[in-house]
Amino acid sequence: MYSGAGPVLASPAPTTSPIPGYAFKPPPRPDFGTTGRTIKLQANFFEMDIPKIDIYHYELDIKPEKCPRRVNREIVEHMVQHFKTQIFGDRKPVFDGRKNLYTAMPLPIGRDKVELEVTLPGEGKDRIFKVSIKWVSCVSLQALHDALSGRLPSVPFETIQALDVVMRHLPSMRYTPVGRSFFTASEGCSNPLGGGREVWFGFHQSVRPSLWKMMLNIDVSATAFYKAQPVIEFVCEVLDFKSIEEQQKPLTDSQRVKFTKEIKGLKVEITHCGQMKRKYRVCNVTRRPASHQTFPLQQESGQTVECTVAQYFKDRHKLVLRYPHLPCLQVGQEQKHTYLPLEVCNIVAGQRCIKKLTDNQTSTMIRATARSAPDRQEEISKLMRSASFNTDPYVREFGIMVKDEMTDVTGRVLQPPSILYGGRNKAIATPVQGVWDMRNKQFHTGIEIKVWAIACFAPQRQCTEVHLKSFTEQLRKISRDAGMPIQGQPCFCKYAQGADSVEPMFRHLKNTYAGLQLVVVILPGKTPVYAEVKRVGDTVLGMATQCVQMKNVQRTTPQTLSNLCLKINVKLGGVNNILLPQGRPPVFQQPVIFLGADVTHPPAGDGKKPSIAAVVGSMDAHPNRYCATVRVQQHRQEIIQDLAAMVRELLIQFYKSTRFKPTRIIFYRDGVSEGQFQQVLHHELLAIREACIKLEKDYQPGITFIVVQKRHHTRLFCTDKNERVGKSGNIPAGTTVDTKITHPTEFDFYLCSHAGIQGTSRPSHYHVLWDDNRFSSDELQILTYQLCHTYVRCTRSVSIPAPAYYAHLVAFRARYHLVDKEHDSAEGSHTSGQSNGRDHQALAKAVQVHQDTLRTMYFA
């Protein structure tokens, strides 16, 4: 199958079954890649010069506990000032906001625990805290130098942690920290998103080990915060009132529910007690307005009477409410019955929005934050100048210096694969900048469509029969050109309304038209009908469906019709194109299965919904066709619980499709952060092995386990302006980096496989956690790049390998399968039917696709 020069793959190394509790060690980097033309780049990594000293680590215990980090930082700052003469002297300790304190010189307390009392001046009365300090360990920076130069097998985690705390200490006092980033409200100009939210800009900062050097990774970042404003204005934004004056009546139930959803969990501060701006967290919104909402009020006589909130404010605060018809906020603990009228509350500044943004907010956010690569590069350089780490007294205390120029890196631009089409001329496409087209080409294997139907859920007056007829003709023409002939008119073409009519209509179609291959469904914008079409088609009846937006029917373009054909052909079992067999790497010499895996979690703040795990596996030698498996699992659980059973299903399916047993398994795992590498590898590698052994006692294919990461802050820029590509001035598709900014000893690389269209391209980061197949760097990089060209939905190279992308689509589709018509809004992926507490079994059943759908690429 493989002809052409290139190394022959080493046979898989024997895989020993490890002792329980044994930590798998990621393989060392085998070599550095050499193929491709070289390209000079700059990365947003800044070299750190670190002295070979010891740092002293102390543990703090602050009582009362559970203070926010911001308060803890104030306590420590007061403590260092107050006990300067007795303990701290001129030392500048750094603190992580929880319990870790580091100093450059030891404190004069020996190994004993020291108890101190610290007073914080408060708005009302002073607050007193008890702080204990205890020596933990000496952190050796010499050990770090040894690890970076390869003399030590692994980078000591505690040294990275200590350096991180040093570098973050000052920014944490100045800005609002969120994860590894720092934010501030934009001075002078606000960037509203609507719904009481706005964009805050800031920067990401993290300390990263790399070859020979520690690096500081700096990037610009942006996130959504709640606007500091009166709650009355917040209500108007959330419920789309021009002003509160137009709302003279109490809120309706649906308005109250919408408002509650937005404000629950937020902090508000009161405005009716002068300087005493007490803060509270909102736990609910009352059903009754302030004029009717009562609470038990204890009188001076000791008697308790029911009093309305409006009356209480009038008697106690001499405040006649302007909006007594609006509800109150219930704050603090639910059982305490503390109610505040909306008009005496403001939203506290600096609260990050963790709830999912609406589609409109997301697109506003992208418009506000997308920067061309050269602009982003300039912004990062500006950031470095203003951060001036070399004058930061805490950084200097530890003898650290940071270079203020970006790191120069040499990358390589890999050759794209040739793409083979079918038809008479068997045309070959050569991607240019990650893109090719289908003009004068036909699908490798096109499906002939004889029996098909149209169901139009758009109103007839907007999407007329003339529109449908014209759309049908255009679609048939384009499909014929693409080698997927749609024969004759649809056997059925009717209008329908609402999600409830989907199932009866589809049942009628299935029972009436033998051999029905496809239902084309026309939708009027965003609608609950989509989720229902997919639920019924994929899971209930096993019918292939293709949804089309009404606007694309009213105005057809060859491009949208061609894209539809790409999806339809694959759903019906066709093959759009394949990698040119002669150009594939040696791994294809023996039967190999490519697996892609991903876990998607429900949006933050949604505690009831399950996480969804999806694994897909290739089913042919190209590899082009894939099969999917999907499971629901515990909320926010990152490890794929049922992986062994899922992989077993896919291996059986592969054997049925090809009559071969794979000798190699290449597993691309998406959605794992660095902190979880060890855990995920240990559990999931064992699960894959278990799947093999359960099929056959001695079946031990070589496994390569690669984590794919897109959520990182590495950005690469062309040094030479002439190398920049497109309007956004990005790096070319195929740019690969495996030196200087990568791991000092482990096998990882960056690959930007797609052409950046908007904003700055984000290269994907690949980290090999296990490799029985002993890939060379070149071979794994080329294989990965080629797999990015096999994604069926478009004629472009995508940013991650097709199997990983498909796993993401499968999990995303399962969210729609979980939409529960009775209880969920149809906000697409914000929904998964758990709102009414359906049990795990019901959820598991809901995501299982129909027998007839199982072997198809229904998710395409």
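Backbone N, Cα and C atoms are what each Cβ position is placed from, and that goes for glycine too.
Sequence annotations record features per position, and here Swiss-Prot assigns divalent metal cation binding site to D598, D670, H808. The secondary structure of D670 (divalent metal cation binding site), as reduced to three states from DSSP, is extended strand.
According to Swiss-Prot, the domain 'PAZ' annotation covers 230-349, on the basis of sequence analysis.
Look at Swiss-Prot and you will find 518-819 tagged as domain 'Piwi'.
For Y2, the entry in Swiss-Prot reads 3'-nitrotyrosine, with the evidence type a large-scale study or a structure entry.
Look at Swiss-Prot and you will find S388 (among others) tagged as phosphoserine. In the three-state DSSP scheme, S388 (phosphoserine) falls into the coil class. The Cβ neighbour count for S388 (phosphoserine), using a 10 Å radius over every protein chain in view, is 11.
Summarising the annotation, Swiss-Prot assigns 4-hydroxyproline to P701. DSSP gives P701 (4-hydroxyproline) a coil state; it is part of no helix or strand.
Annotation comment: Swiss-Prot describes S825 (among others) as phosphoserine, evidence class similarity to another entry.
According to Swiss-Prot, the phosphoserine annotation covers S829 (among others), on the basis of similarity to another entry.
Residues annotated as phosphoserine in Swiss-Prot, with similarity to another entry given as evidence: S832 (among others).
Taken from Swiss-Prot, the feature phosphoserine applies to S835 (among others).
Here the region 'Interaction with guide RNA' (312-317) has, by DSSP, the following mix of helix, strand and coil residues: 6 helix, 0 strand, 0 coil. The region 'Interaction with guide RNA' annotation in Swiss-Prot covers 312-317 (among others).
Taken from Swiss-Prot, the feature region 'Interaction with guide RNA' applies to 525-567 (among others). The average pLDDT the prediction assigns to the region 'Interaction with guide RNA' (525-567) is 98.
Positions annotated as region 'Interaction with GW182 family members' by Swiss-Prot, on the basis of sequence analysis: 588-591 (among others).
Taken from Swiss-Prot, the feature region 'Interaction with GW182 family members' applies to 651-661 (among others), supported by sequence analysis. Using DSSP to sort the residues of the region 'Interaction with GW182 family members' (651-661) gives these counts of helix, strand and coil: 8 helix, 0 strand, 3 coil.
The annotation region 'Interaction with guide RNA' is assigned in Swiss-Prot to 754-762 (among others).
Summarising the annotation, Swiss-Prot assigns region 'Interaction with guide RNA' to 791-813 (among others) and lists similarity to another entry as the type of evidence. Secondary structure by DSSP for the region 'Interaction with guide RNA' (791-813): 12 helix, 1 strand, 10 coil.
Put simply, S388 (phosphoserine) is 40 Å from D598 (divalent metal cation binding site) when counted between their Cα atoms. Long-range neighbours of H808 (divalent metal cation binding site) (same chain, six or more residues apart, CB within less than 8 Å of its CB): D598, T600, A614, D670. Sequence-remote contacts of a segment are chain residues at least 6 beyond its ends whose Cβ falls under 8 Å from one of its Cβ atoms, and for the region 'Interaction with guide RNA' (791-813) they are 416, 429, 431, 434-438, 534, 538, 563, 566-567, 570, 576, 594-600, 612-618, 623-624, 626, 628, 630, 668-670, 708, 710, 733-734, 752-755, 762, 764, 784-785, 829, 857-860. For S388 (phosphoserine) paired with P701 (4-hydroxyproline), the C-alpha to C-alpha distance reads 52 Å.
Taking the centre of the Cβ atoms of D598, D670, H808 as the divalent metal cation site, the nearby residues of that chain (Cβ within 8 Å, site residues left out) are G596, A597, V599, T600, A614, G671, V708, I800, A804, Y805, A807, A811. Of all Cβ atoms in the protein chains displayed, 21 besides its own lie within 10 Å of the Cβ of P701 (4-hydroxyproline). Sequence-distant contacts of the region 'Interaction with guide RNA' (525-567) (same chain, six or more residues past either end, CB-CB distance under 8 Å): 359, 438, 457-458, 462-463, 467-468, 470-471, 474-475, 478-479, 482, 484, 498-499, 502-503, 506-507, 509-510, 516-519, 576, 792-795, 813, 816-817, 819, 821, 826, 828, 831, 846-853, 856, 858, 860.
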